[in-house]
Amino acid sequence: SFIGEESVAAGQGSILTDNPTWIIDPIDGTTNFVHRFPFVAVSIGFVVNKKIEFGIVYSCVEDKMYTARKGKGAFCNGQKLQVSGQEDITKSLLVTELGSNRDPETIKIILSNMERLLSIPIHG
């Protein structure tokens with residue numbers, strides 16, 4: 001099976017089944033792309049039995065290829081990635097994205113989530 005982000009965003013429905021399924025977003029960061037903001041990638045995932053098996057993200061502007069495989073770890077241009085090990089949330093950096101949906105109900109949910117996130121004593 002195949003699920004394309006652009007067709008889903010255009011209103012076509014999709015159903016994830018147990019069948020092997022490719023999930024592809026050819027321009028991940030479409031809004032960034034339109035505004036010439038350099039954070040754009042090609043994202044591909046492969047799912048079996050509704051569980052991700054592997055994923056690939058190519059950051060075009062940075063020329064970085066991120067890969068990950070279930071149980072095998074994650075890599076950037078072939079070099080193993082690992083989490084920082086930081087356990088103190090007050091020393092963490094939080095990054096979020098608001099999305100592009102401006103439906104009033106969606107905005108309420110986003111603002112509620114942001115309020116909860118901003119109450120966490122993070123570094124930045």
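Cβ coordinates come from backbone N, Cα and C, glycine included.
Whatever TrEMBL says is automated annotation, not expert-curated.
Here the structure is a predicted model, which means the values were calculated and not measured.
Positions annotated as Mg(2+) binding site by TrEMBL: GLU5, ASP25, ILE27, ASP28.
Counting only residues at least six positions away in the same chain, the Cβ atoms of GLU5, VAL40, ALA41, VAL42, SER43, VAL57 sit under 8 Å from the Cβ of ASP28 (Mg(2+) binding site). Taking the binding-site residues GLU5, ASP25, ILE27 in turn and counting surrounding C-beta atoms within 10 angstroms, the largest count is reached at ASP25.
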